[in-house]
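Below is one structure; the comments refer to it alone.
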């Protein structure tokens, strides 16, 4: 066990968890980024609720939200780190894992500050429905991100995180990767958004996305995809300005993404002049596997509450928001 406050030791152990040959594209990095983003993206500026404090996904009210489907894998991958460093809160661990993954996968260094505490019950868990719905367009994106205090430039910068990972039809309802190398942070998302011919496609679950089928692809190759919210970045004039800039200038994108993601990680956090968090209970809550699953990233037991077996018999898992 490390000494309390030894975040470098925690970082090293997070990096040791990144390589996962049997999971997705061989890396837990993208799901760590999504876990960090979803843990903070519930913030509401007007009511000052939600945000990265609390680790509310330990409770069914937040962890069982369809928008967070699949994130139990990220939480489970990080359990060995928590067991080795029990002094770190889940809220700090999940956000730190996101910024560590971004840098380890070739992205920019994101400023991260500790001090978050974990909720001791679910009384302060934010309501569901605050995360973006990827089936929507520009107006929806602005409604969600303006609520958190972001502007158009920051919205587009954060969307560049789609250069990592892929969608799963049993989680978000969409299917496929955005880019050819989904475990390497780059500005490729913006380049492909602008240059490829994206065609609408309706998936078996009735949800529509956009795909590019490479005429030179080999049999079995998975087509790249874009979400309706991604296409909105290209078609909305104000968003498009930043898409063009980031496609042309990787360094600018990295700089803006790092600043926007650091801001995201601080949503709902208030600090004093010494950077100590002053709006938390300073009590560390215990681990609760929510939805009610094991600590292993193998999925729920058959019929487990919060899992997908029942939904699958009724036409598939409920569509989650991204």
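Using N, Cα and C of the backbone, Cβ positions are placed for all residues, glycine too.
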Among ranges 253-287, 288-322, whichever one Swiss-Prot labels region 'Disordered': 288-322
Cα-Cα distance linking residue 38 (active site, proton acceptor) and residue 178 (active site, tryptophan radical intermediate), given in Å to the nearest integer: 19
Cβ-Cβ neighbours of residue 162 (heme b binding site) (radius 10 Å): 27
For residue 38 (active site, proton acceptor), the number of other Cβ atoms found within 10 Å of its own Cβ: 24
Other C-beta atoms that fall within 10 angstroms of the C-beta of residue 34 (site 'Transition state stabilizer'): 24
Helix, strand or coil at residue 178 (active site, tryptophan radical intermediate) [DSSP, three-state]: coil
Pairwise CA distance, residue 162 (heme b binding site) versus residue 34 (site 'Transition state stabilizer'), rounded so that it is a whole Å: 10
Other CB atoms, at most 10 A from the CB of residue 178 (active site, tryptophan radical intermediate): 23
